[in-house]
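A short write-up of the structure that comes next.
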Amino acid sequence: MVAPSAKSDISGNSAKQLLNQLARAEQRRFRLAVVSGLFAGALTWLQMGLFAWCVTALLVNSQPLSQLTPLFVLWFLILPLRGLLTYVQETLSQRASLAIRKRLRQRLLHHMIALGPVRLSGYHSASLSYQLVEQVEALDGYFARFRVQLWLAALLPLGVFVITLRQDWLAALFLALAAPMIPLFMALVGMGAERLNRDQFAAVARLSGHFIDRVRSLTTLQLFGQTAQARASVWAASEGYRTRSMRTLRLAFLSSAVLEFFAAVAIAVVAIYIGFGLLGYIDYGPSDELTLFSGLFILLLAPEFFQPLRSLAQHYHDRAAALGAADSLVNLLAESPPTTRTDHAPAVAPQAPSTLVALQNANVAHPARGVVLGPVTLSLSRGETVILTGASGSGKSTLLQLLAGFVDPGKGKRLIAEDFRFAWMDQRPLLIQGTLTENLRLAAPNASDEALHQALAQAELRDLVSSLPHGIETSISERGVGLSGGQAQRLALARVFLSQAPLVLLDEPTASLDEHTERAVMQGLETLKREGRTLVIATHHPALKALADRHWHIENGELYSAQGQEVRDDPA
Amino acid sequence: MTPPDTLFATLRPWLSALAKRRARLWLGALLMALTLLSALGLLAVSGWFITATGITGLLLAAGVAASLEVYVPGGAIRFFAVSRTVTRYVERVYNHDTVLRLLADLRTQLFGVLAGLDSRTLAKRRASDWLNRLTADIDTLDSLYLRLLAPPAVALVAILLLSGGVAIFVPQAGALLAAVLLLGWLWLTLGQARLGMAASERHVHQLEALRSRTIEQLQGLAELEAYGSLADHRARLDEIEIRLQHDQRTLGRLSALGNALQGWLVSAATLMTLWFAAQAWQAGAISGPVMVMLPMAVLAMNEALGALPASFTWLGATKGAAARLNQLNDQQMPVNAEATQPVSSAQTLTLENVSVHYPGSLQPALESLSLTLNPGERLAVTGASGAGKSTLAALVSRQLYPTAGHITLGGVPLEQWPNDTLRQRVAVLTQQTELLDDSLAANLRLAAPDADDTALWQVLNNVDLGEWANTLPQGLNTRVGEGGRQLSGGQARRVALARLFLRNPDLVLLDEPFAGVDELTAQHLSNFLDAWLAGRSVIYLVHGLNVNAPMPPRITHTLALTG
């Protein structure tokens, strides 16, 4: 989930920077949304004015209602306009939010792909997809509501103040007196919301953790007949959480209650002041100029002074949520991808035309572990089968990744032939949600059905496929329907057959397979060799050695031939 | 069989769960109503007061002897100003407390449901994203009351009270107001819900589809890149995002429309009330201040209706959450009537043509398996992963029922064993070590809640962990971390074994007992295990009979499963 990062100012700033940078691209929509919101506010004021006007016309000027009909009609016609403006405001900021999220998601995905399979393996793919999906979604409230509301909360009260000032400066003063309190309350509310968010998030995570932990162990709890006790413990944990978070909530709600209290008091004071002023009980200030119109108008406007702020307070948690999400996204975006993957190093033809790929003094270093492989100099000719051995963790996979171009060759070079293409197979073959056909066509989008069937036969999957209800069009990896590990491995092998790539890189292709599948994979590899493909097989399996033309062995990050000599460009 | 998926049928189990806290819910709604009435009162009385003072002021200025009692309305304004704040605060605190109580109720209830799932369903559900969604679904339901039940109910009451109040002064206006506001209320709740239902119900699934395609893209990056099909797969991802955003846009528009309509509705109702009140005033039926008071009270309805459109547009999300959780109810393991006959020993086991075939699965998990285990025998069942070893363990421990065939334990059909007795007589070491994020002692006491510390130290010594535990500053109270992550794989395995030794079963199933344990320790464990297993019947589940790997002690015969 969210990594509990130490919240330094720098990361806080860059989270804000990221949000601002994202918003900049949608500047136009945001501006238009603010303008719509302002006009909608102004129309509200106009309605209040009309209300006061009609009442004055009736009660003070004794105009008959029939004379006021046009005014009522006009008023009635304004109403949909205000609705339209609020609609425009909401949909514009929502569209801005959609566009921003889409753009950000593209950017993140692009970045992740640029990081490449090796760098990504340092992350949990579930947490990456959480960042790409949930955390991007978490920005919605901030862009769709908070950002525009922030502007409205600054500008609309100002408008109310100016109008009130023109009617009665003392009433305006009452509002203005409440105004300096507002930043204070906003800070209070803000702090409350932020603390609330932080504390709640941690507490919720703990509680969910407790729950998930018990669910995960349910099999064991069932076996020991302990489910009733565990159930009681789930209840106790939830109750404990309730007692603790109520303590926080009481305080947090208090800060917004204070804001509301001052708003209510300010309105009440204005109402009473106007009332007494109209009665002539007040001898000072502008109160003798108060009329029923100005009095009513001010009274109706006073709540509008506080309303935008109240809305903002409601959306404050959107901001906190967005900052939290942006914080973790900034960290991901800060990681720079390997240069070979971004520069698209031009294919330099190796010296000999028979050479498919060559490494010159290539080495791979990890920031934490230092040099893990190299320097390695080797060249791989077309049609060769090479077996690659070494203890686990010695760097076999790294060498394959280096040949594939997933990692930088460091200070060295990687040279590839112009027609260099490769197929890849490791212990965890990719299964996408979809039919067998779709899974096969990943390797060759335009392959004919005949080619698909042939590849399945070569991977010894034909019997299985013919037993399936929809044959090759059966959906796999849906809930309840799945391939076993061995079947998935054979599917990956079928993809290798289908791909026609001259180089095939295989990382432990037979590990943890049952005997039947193991045999099928080995026969498949033989067929590939007969087809004239170049194979590099990292393996522990002794039987695979029989296939090999050459044998590479890695020890302590250095590459040796089977005889114990360092591997040269040209093998003896 | 598809369960009825009408809105009410889907939500009913959850509504009845909420109903257990009926008193709190009513009180919470009452507090909401009081908050609303305070806001309404504040606006109405202020309007009345200012108009009254304005008219009186004019009369005074014209030299007419007029007077106005100002202290009661002035006091009322101050009262409403304070009561609005106070009731709002109390309401928020009280209702959030209620929501948290509901959360505890619902989680506990759900846990009970999950505890009744069979091992196959549980194994499929182990993935953490499913668990996260489960908790998110519960959170959606615990706020059902605060978003979807109380606010519309309070708004409805407010509409009726307000219309009634207006009708006292101007009957015609009251009747019309009730009609307009009720129609509006229907639209803002049911109408919005209907329009947004499909899209909001789909939303979770689309997010999930996006997530799983993303995981595919990231996990399969090497292969996708090798085959040059990154762009193709990316197109699949984009397609989902387009659909997701399309729905989000629809829902956003709908909720904006609802909000705009809500604003229009209250303004139009205010205007209408003013018109009729003005007529009544002209006719001399009401005073001027009352004429102002009535529309101002209507204006306060903004507060009652404001939150409805957004909540109801997303009703489908709540329905979806409830439907998903309801599904779990349908997957409950059948609970058989308890056995009446006394059962003495569980040392013999027979399986007769037992098959397990999961619906929709490509191949049977187990086909026509027959075996007999006599007292004291130790059977080793071998097979590759997926051959059905874990299925066999689940069958014998009755965490799964066979699709066909019969199982007897101690001569009694397995399904007739009382659950408690079965758990005492049959012990299983599962392939996956499951440790709670709790102390070492708590994890051991799962097997024997009443065991004293001496017993715990004893079994830890039996698995060679006593010395290690002694060096821990917190000893038995050391927490093992999430999933036992603070321990090494081998240590966790040994804790699981130690846990088993606290029990006294007749039949023991051990699934790869020494997985992750180094050879030397395994040898030592094997000796103790051998002694402990004496007099019990045993089934070992192992990958293969490999001379290199440490073997469990004294296998009497073997059975190979082929997948």
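Every residue number used here counts from 1 along the chain in the order it is shown.
Cβ from N, Cα, C; glycine included.
Heads up, TrEMBL stuff is auto-annotated, nobody curated it.
What TrEMBL lists as transmembrane segment is B:25-49 (among others).
Annotation comment: TrEMBL describes B:26-313 as domain 'ABC transmembrane type-1'.
The transmembrane segment annotation in TrEMBL covers B:55-81 (among others). Non-local neighbours of the transmembrane segment (B:55-81) in the same chain are 38-39, 41-42, 45-46, 48-49, 288-289; each lies 6+ residues outside the stretch with a CB under 8 Å from one of its CB atoms.
Under the heading transmembrane segment, TrEMBL lists B:144-162 (among others). Residues 11, 14-15, 18, 25, 28-29, 32-33, 36-37, 40, 95-96, 98-99, 102, 177-178, 181-182, 185, 189, 297-298, 301, 304-305, 307-308, 311-312, 315, 318 of the same chain, all 6+ positions outside the transmembrane segment (B:144-162), place their C-beta atoms under 8 angstroms from a C-beta of that stretch.
Residues or ranges marked as transmembrane segment by TrEMBL: B:168-188 (among others).
Here the transmembrane segment (B:256-278) has Cβ contacts under 8 Å with residues 166, 169-170, 172-173, 176-177, 180-181, 184, 187-188, 192, 286, 290-292, 294-296, 298-299, 301-302, 305-306, 308-310, 312-313 of the same chain, all six or more residues outside its ends. Residues or ranges marked as transmembrane segment in TrEMBL: B:256-278 (among others).
Note on the transmembrane segment (B:290-315): residues 7, 36, 39-40, 42-48, 50-51, 147-148, 151-152, 154-155, 158-159, 162, 165-166, 169-170, 173, 177, 181, 184-185, 188-190, 192-193, 195-197, 200, 251, 254-255, 257-259, 261-263, 265-266, 269-271, 273-274, 277-278, 280-281 of its chain, located 6 or more positions outside it, place their CB under 8 angstroms from a CB of the stretch. Look at TrEMBL and you will find B:290-315 (among others) tagged as transmembrane segment.
The feature domain 'ABC transporter' is assigned by TrEMBL to B:349-562.
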In terms of Cβ proximity under 8 Å, which residues at least six beyond the ends of the transmembrane segment (B:168-188) contact it?
152, 155-156, 159-160, 162, 258, 261-262, 265, 268-269, 272-273, 276-277, 279-280, 285-286, 290, 294, 298, 301, 305, 308-309, 312
Give, as a single whole number between 0 and 100, the mean pLDDT over the domain 'ABC transporter' (B:349-562).
86
